[in-house]
Amino acid sequence: MNSQFKLIGFDLDGTLVNSLPDLALSVNSALAEFELPQAPEELVLTWIGNGADILIGRALDWAKEQSGKSLTDEQTAQLKERFSFYYAENLCNVSRLYPNVKETLETLKEQGFILAVVTNKPTRHVQPVLKAFAIDHLFSETLGGQSLPAIKPHPAPLYYLCGKFGLYPHQILFVGDSRNDILAAHSAGCTAVGLTYGYNYNMPIADSHPDWIFEDFADLLKIV
């Protein structure tokens, strides 16, 4: 390995895994229990990226606009619990790895890079997803939404990786599909790759000014 980078970090949803179908199904299953309207998948896409609480908050705001119905705090907490239940039961029913993800991760691991996952996804769901696609063994660290006091776009997860592995920020390359990924990386002093195929609230990743922009996950091999 002859690279300035020693560790490569990855977002999960929209970067490694296309989890939108299962997330949308779980959101709508929870909404249905409270007789709220069903959201189209392309709309749920714009709600992803800031963790489960904000995802459900956006869903409820939309449902209120559509139906005029609002939930009490207790009902909102119950709906969040139901979403978590449905998603735990449907983590990988329809979700798939994006093209070239597994092969590229294996190559990077063989080349000696430390690999890590940094996601805002609920921590308890992260390992089951990685295991379902048989890539969990490739990562030396996995950080979810409850692993640390702060989540992306805060740089704390990347600072944590620096401390754990004894690295400087410039030795970390972070790969993601949303502005939160790019903001977190740049705030920490890390280099950022933006992927065009992910979610990012339906906005071009170029608007967030990553250091590189790729359409294919395998293109990472060109810069390391």
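Even glycines carry a Cβ here, placed using N, Cα and C.
What Swiss-Prot says about this one:
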{"type": "ACT_SITE", "residues": "Asp11", "note": "active site, nucleophile"}
{"type": "BINDING", "residues": "Asp11, Asp13, Asp177", "note": "Mg(2+) binding site"}
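The Cβ of Asp11 (active site, nucleophile) lies under 8 Å from the Cβ of Val117, Val118, Thr119, Lys152, Val175, Gly176, Asp177, Ser178, Asp181, Gly198, each of which sits 6+ residues away along the same chain. Looking at Asp13, Asp177, the binding-site residues in this record, the fewest other C-beta atoms within 10 angstroms of the C-beta turn up around Asp13. Taking the mean position of the Cβ atoms of Asp11, Asp13, Asp177 as the Mg(2+) site, the remaining same-chain residues with a Cβ inside 8 Å of that point are Leu12, Gly14, Thr15, Leu16, Gly49, Thr119, Gly176, Ser178, Asp181, Leu195, Gly198, Tyr199. In the three-state DSSP scheme, Asp13 (Mg(2+) binding site) falls into the strand class.
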